[in-house]
Amino acid sequence: MVEARDPSERTHALIVAAGVGARAGLDLPKQFALINGKPVVRHSVERFLSHPAIDDVWIVVGQGQQEQLDEALAPISGYSVVIGGATRQQSVYNGLKAIRAGGGAKNILVHDAARPFIPDRVIDDLLGRLMSEPSAIPILPSVDTMVQLADEQLDRTVDRNSLWRVQTPQAFDFAKLMAAHDRFAADQNASDDAQIFKAAGHVVTVVDGDECLKKYTLPADFNGDRRQDMRQTRTGMGYDVHRLASGEDLWLGGVKIDHDKGLVGHSDADVLLHALCDALLGAVAAGDIGDHFPPSDPQWRGADSTRFVKHAASLIAQKGGIIHNVDMTVICEAPKIKPHRETIRRNVAEILSIGIDRVSIKATTTERLGFTGREEGIAAQAIATISLEEN
Ligand SMILES: Nc1ccn([C@@H]2O[C@H](COP(=O)(O)OP(=O)(O)OP(=O)(O)O)[C@@H](O)[C@H]2O)c(=O)n1
Ligand SMILES: C[C@](O)(CO)[C@H](O)COP(=O)(O)O
């Protein structure tokens, strides 16, 4: 049995979502508005919950918003909810106190729900830095000329080389950040946690941020029509074959199928999920399954192929992409796919976090011709249609 890790050794993500979103001017708090078909807050919750280095996810919401949050996240579970305060700093502090009451943590990533798209690379860089430093934050350079205004007129140009844009997630040694917040709890003016950490005398290091981490703040950020104009459609296709053998399990679309033979090969040899993974990777020109999960690497032996598809979907999400639909064909003589079709569709829809009406599964035989006709193997094809924001 695997021992549960001591709470004080865990890495937590704390997502603050208790603001009112005044600048966005929407008729609901911006964290519940839809971006790419999902509530803003859902994007970062999904990303943290699926990241292997994150043990626990905490979400801070406004008083009375717990039900709205649960609706925005359904059917996801496995997160904890805390009620926020009047300022971002108070909301973070409430979250930290709840984590302390739950046994504490080793590391904490504090993140704005208003930044829905988090590249895994940024999480990895931040956590990598925490192995030797007490904190790290993502930053981006200022690329425009920066000025100060006076009476709404140009006063002076500021040296942009000394100005950097600070993003979240911001990563900290939990105990040190907790103590810093305890110390500065009466000062409600800090716009981020790095300021509080630095004020407490600690070093704040920096890693490369990412434009994907843009904070959705102003009405134009939520202007769906404009965003739709700026999207481009992409498609990707995938094809895979695995050999059938006695004494093996048969996995298709992440569902175990009762059959006298199973498939042999990479991971759990789920030929359908492998074709789907390649279709998704193809849509963003990101290589193929073997590039990301080499068959020669022993860690993938017997692995659940769900993980590969989730990885491919996360690469699309990191680019602000939406998966519109996937269509798959299983090519085999046996087993019959129809009795399992709805279960597989449901499972794939859940893996991709899209509606089941966007997932199609078909099956065909090859009229007893070729290797599929002789029941030596099963082949699968998949096609995925996605859209990306133009850049
Ligand atoms: N009292 C607050 C204020 C802000 N936040 C969160 O802090 C993040 C960054 O804040 P910001 O983008 O400023 O959000 P709002 O405060 O909601 O926006 P506005 O300032 O336009 O009202 C957001 O995810 C927001 O929900 C929070 O948890 N509690
Ligand atoms: C934490 C933050 O996102 C870092 O850039 C930012 O400070 C939040 O600022 P806001 O004033 O709450 O928009």
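Any Cβ shown, glycine's included, is placed from N, Cα and C.
Not measured: the values here are computed from a predicted model.
Under the heading divalent metal cation binding site, TrEMBL lists D240, H242, H274. DSSP assigns H274 (divalent metal cation binding site) to a helical segment in the three-state reduction. Proximity of H274 (divalent metal cation binding site) to non-local residues of its own chain (separation of 6 or more, Cβ distance below 8 Å) is seen for G238, D240, H242, H266, S267, I289, S305, F308, A380, given in sequence order.
For D240, V241, H242, H266, S267, D288, I289, G290, T364, T365, T366, E367, F371, R374, the entry in TrEMBL reads 4-CDP-2-C-methyl-D-erythritol 2-phosphate binding site. For T364 (4-CDP-2-C-methyl-D-erythritol 2-phosphate binding site), the number of other Cβ atoms no farther than 10 Å from its own Cβ, over all displayed protein chains, is 14.
The domain '2-C-methyl-D-erythritol 2,4-cyclodiphosphate synthase' annotation in TrEMBL covers 234-386. For the domain '2-C-methyl-D-erythritol 2,4-cyclodiphosphate synthase' (234-386), the mean pLDDT of the prediction comes to 96.
Feature annotation from TrEMBL assigns region '2-C-methyl-D-erythritol 4-phosphate cytidylyltransferase' to 1-233.
Per TrEMBL, region '2-C-methyl-D-erythritol 2,4-cyclodiphosphate synthase' is recorded for 234-391.
According to DSSP, R23 (site 'Transition state stabilizer') sits within a helical segment. The site 'Transition state stabilizer' annotation in TrEMBL covers R23 (among others).
In the three-state DSSP reading, K30 (site 'Transition state stabilizer') counts as helix. Note: K30 (site 'Transition state stabilizer') has non-local neighbours G19, G21, A24, V40, A114, Y216, T217, F222, i.e. same-chain residues 6+ apart with C-beta under 8 A of its own C-beta. Summarising the annotation, TrEMBL assigns site 'Transition state stabilizer' to K30 (among others).
For R160 (among others), the entry in TrEMBL reads site 'Positions MEP for the nucleophilic attack'. Sequence-distant neighbours of R160 (site 'Positions MEP for the nucleophilic attack') (same chain, six or more apart, CB under 8 Å from its CB) are P141, S142, V143, D144, T145, M146, listed in sequence order.
Residues or ranges marked as site 'Positions MEP for the nucleophilic attack' in TrEMBL: K215 (among others). Cβ neighbours within 10 Å of K215 (site 'Positions MEP for the nucleophilic attack'), excluding its own Cβ and spanning all shown chains: 15.
H266 (site 'Transition state stabilizer'): 24 other CB atoms within 10 A of its CB, across all protein chains. The site 'Transition state stabilizer' annotation in TrEMBL covers H266 (among others).
The site 'Transition state stabilizer' feature in TrEMBL is assigned to T365 (among others). Within the same chain, the residues at least 6 positions away from T365 (site 'Transition state stabilizer') whose Cβ sits under 8 Å from its Cβ are I331, C332, E333, T372, G373, listed in sequence order. In this structure, T365 (site 'Transition state stabilizer') belongs to neither helix nor strand by DSSP; it is coil.
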Same chain, 6+ residues apart, C-beta under 8 Å of the C-beta of T366 (4-CDP-2-C-methyl-D-erythritol 2-phosphate binding site), given in sequence order: I331, E333, T372, G373
For R23 (site 'Transition state stabilizer'), nearby residues of its own chain (Cβ under 8 Å, 6 or more apart in sequence): T217, L218, P219
Whole-number Å value for how far K215 (site 'Positions MEP for the nucleophilic attack') lies from T364 (4-CDP-2-C-methyl-D-erythritol 2-phosphate binding site) (Cα to Cα): 47
Those recorded positions in R23, R160, H242, H266, I289, T366 whose CB falls under 6 A of ligand 1, listed in sequence order: R23
Cβ contacts of F371 (4-CDP-2-C-methyl-D-erythritol 2-phosphate binding site) (under 8 Å, same chain, 6 or more positions away): V241, G377
DSSP-derived class (H/G/I helix, E/B strand, else coil) of F371 (4-CDP-2-C-methyl-D-erythritol 2-phosphate binding site): helix
